Ligand SMILES: Nc1ncnc2c1ncn2[C@@H]1O[C@H](COP(=O)(O)OP(=O)(O)OP(=O)(O)O)[C@@H](O)[C@H]1O
Ligand SMILES: [Mg+2]
């Protein structure tokens with residue numbers, strides 16, 4: 001088992017209603033890298049990451065072409081179960097991800113599908129909930145949690161599957177500043193390859209040394225997060241804006257930590 | 001129309017329970033493939049949607065209101081078999097969690113509101129799609145008529161069941177007329193909402209409309225080098241050609257409507273005493289009945305009740321179909337001109 | 001509105017009965033009530049006393065029961081009409097011509113319907129939705145149906161909230177059309193709601209598949225019921241069956 005953590009080549013995809021979302025995407029992420037995926041609304045970011053574990057795209061019977069490899073394994077019908085074990089996907093809206101009656105049932109859903117049962121399953125669930133600090137809420141119904149708590153449980157549902165690659169879709173959206181920082185602490189402490197979609201540019205700078213910039217269904221820039229955020233023309237050309245008073249050249253990022 | 005416990009006699013409840021169980025079992029089998037592709041979540045969300053929308057009341061008249069049943073709509077959106085499961089789920093939750101509809105009447109409720117509305121709505125929709133222009137948008141007028149007709153047919157079926165297993169003899173002609181008349185009005189509300197929902201879906205996600213899947217156009221795909229190619233749409237389930245004609249669609253409707261209603265008229269009890277001498281006319285003027293649907297739609301001059309009563313339902317449904325067809329034709333003419 | 005607002009969250013012997021036992025008990029009880037001849041009035045009195053006792057033991061407030069009884073209203077109206085429209089011999093009550101069979105029929109619908117509704121309220125007030133699902137699963141309801149049910153219950157509140165938000169948004173923009181306008185606005189909103197619900201269904205399915213779902217939901221873990229629990233839970237229902245049999249014999 002060798003090869004980069006994620007390798008995407010010439011990826012093209014159209015949704016069933018005829019709207020084409022990806023127009024030839026190419027990029028590679030090495031093992032252990034933390035990469036931010038930036039880009040304006042509708043750029044195709046969510047569409048792209050849904051391809052990484054084969055839930056969209058030609059393997060899922062969709063309309064498209066191109067090649068994806070995860071840790072050297074092609075995303076192909078025969079390997080889907082293995083691919084889904086390797087790639088953990090945290091969705092944009094935690095309500096999409098938390099569908100079981102209780103938090104415990106929900107975190108157990110993935111590992112149970114992997115074949116875990118009994119005390120092994122319970123241990124795995126507990127461990128994942130401890131990682132996100134939600135072990136005291138295991139018996140609650142997901143819709144009785146606050147938004148930030150739900151986001152954390154959503155991360156736990158994926159961590160319980162012990163993925164090699166963790167993919168998060170806008171993890172900091174709708175979180176209050178404290179919840180946002182707590183989530184950053186959790187993510188920074190994980191030993192996985194990380195691909196994170198975000199509109200929160202300081203968050204990208206804080207957590208990810210490298211960034212991909214996507215627009216119009218293509219990768220339009222790939223480089224150090226600090227360099228991308230510092231390139232005013234590139235930013236303006238793709239509807240990206242830094243928060244008022246934020247200077248990417250003067251704050252510490254992961255490379256200095 | 002949620003029938004409570006004890007409304008129909010035990011044998012009717014058992015019989016409809018068996019029908020419902022058979023229908024659910026059959027639907028489980030038929031929907032198995034689509035459910036494997038689209039997942040139970042989608043059916044569950046559709047059920048939650050139907051449940052939520054049933055709580056939205058619309059004015060019907062005489063100061064009362066009706067609400068969507070949703071069978072025909074669900075059938076057009078997710079297909080008849082999944083729709084039967086969706087409607088059964090809604091009714092089970094209403095019965096178990098909200099005590100709306102009796103547990104022993106669950107079979108009756110599923111038969112009336114989960115099975116008849118879905119099948120009548122769906123088959124009429126498919127039949128109409130055969131005569132309307134071949135595009136996804138045609139599903140709107142087609143399903144609108146399906147929805148309009150499905151409600152009075154279910155009301156007629158209710159009357160039919162009442163004639164078989166109702167606890168009390170009441171003049172069935174009047175019950176049929178009142179039920180169908182009233183539910184044609186409810187059906188209009190049902191049709192309006194169905195039309196609006198389907199227009200919204202056709203405008204934003206036409207690929208979601210099950211009844212029109214076979215009408216989808218091919219996709220144009222631009223590859224990494226900018227080359228264009230045409231591919232057939234990503235269809236999780238190949239839509240089966242219906243192979244049914246308009247005649248079959250209407251026949252299904254009339255079979256349910258006419259069959260039950262004829263059964264009602266053939267039933268000896270309840271019809272023998274029909275007539276003015278039983279004081280229905282007088283009662284209709286009394287305060288307890290005034291303002292009720294029965295008062296508004298009670299037939300007068302019922303000397304010939306055996307015939308007129310039994311036929312009232314069929315005529316009502318037929319008129320609804322004819323009017324509906326006319327509306328559908330007009331609507332499609334207009335959208336043809338517009339596009 | 002969501003399913004779990006219905007649970008009266010206290011601890012009582014009724015709450016502790018396993019859900020599958022309660023489901024069977026409810027069904028048997030209602031079946032007994034329904035098959036009791038309407039004219040055997042004392043039987044319904046006994047049913048009512050047993051049911052009230054169970055509600056009291058379950059610590060379900062009477063106000064909760066009476067509020068939820070409102071679902072019965074349409075059929076109360078229907079029942080009240082029966083004495084006026086039914087056929088058969090007439091009686092005069094307070095100057096009104098009423099049909100004898102109609103009066104009995106009204107009583108029949110009201111008594112049986114009300115007992116059934118109260119029994120069902122007792123179930124939903126003492127059983128968490130998750131336990132109810134687990135109970136249905138234990139009772140061998142097809143797993144596909146249990147799955148659809150569980151998603152429905154989970155997302156009821158989400159969909160209802162969406163609906164509510166859309167209404168607030170409409171009204172806060174000063175919307176006040178006439179009746180027809182109202183219907184149109186509601187209908188348009190409902191269309192958008194369906195697309196939202198359906199797309200959420202798609203996303204949930206994607207989320208499930210990305211966590212290894214291949215078509216089989218994991219079983220909800222619940223413990224089985226013991227023989228004693230079955231006997232205790234079914235006590236009232238079995239008594240009801242005995243009464244129903246007795247009532248049948250009496251009325252012969
Ligand atoms: N289920 C769908 N069916 C049809 N078109 C879709 C669907 N989901 C997304 N699209 C379209 O695909 C394009 C890319 O959408 P995508 O969700 O990938 O964007 P995104 O970069 O994640 O945007 P955002 O930052 O707003 O989340 C958009 O034009 C969108 O309208
Ligand atoms: Mg997105």
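Going from the start of the chain as shown, residues are counted 1 onward.
Even glycines carry a Cβ here, placed using N, Cα and C.
In TrEMBL, annotation is done automatically, which means it is predicted and not curated.
Among the ranges B:40-60, B:208-228, the one that TrEMBL lists as transmembrane segment is B:40-60. Among the ranges B:245-264, B:265-284, the one that TrEMBL lists as transmembrane segment is B:245-264. Of the candidate ranges B:40-60, B:72-97, B:103-124, B:136-162, B:182-203, B:103-124 has the most C-beta pairs within less than 8 angstroms of the transmembrane segment (B:7-28). Sequence-remote contacts of a segment are chain residues at least 6 beyond its ends whose Cβ falls under 8 Å from one of its Cβ atoms, and for the transmembrane segment (B:103-124) they are 1-8, 12-21, 23-24, 69-76, 79-80, 83-84, 87-88, 90-92, 95-96, 142-143, 145-147, 149-151, 153-154, 157-158, 161, 211, 244, 248-250, 252-253, 256, 321. Summarising model confidence by region, the domain 'PDGLE' (B:246-331) averages a pLDDT of 41.
Cβ atoms under 8 Å from those of the transmembrane segment (B:40-60) belong to residues 31, 66-70, 73-74, 77-78, 82, 85-87, 89-90, 93-94, 182, 185-186, 189, 192-193 of the same chain, restricted to positions at least 6 beyond its ends.
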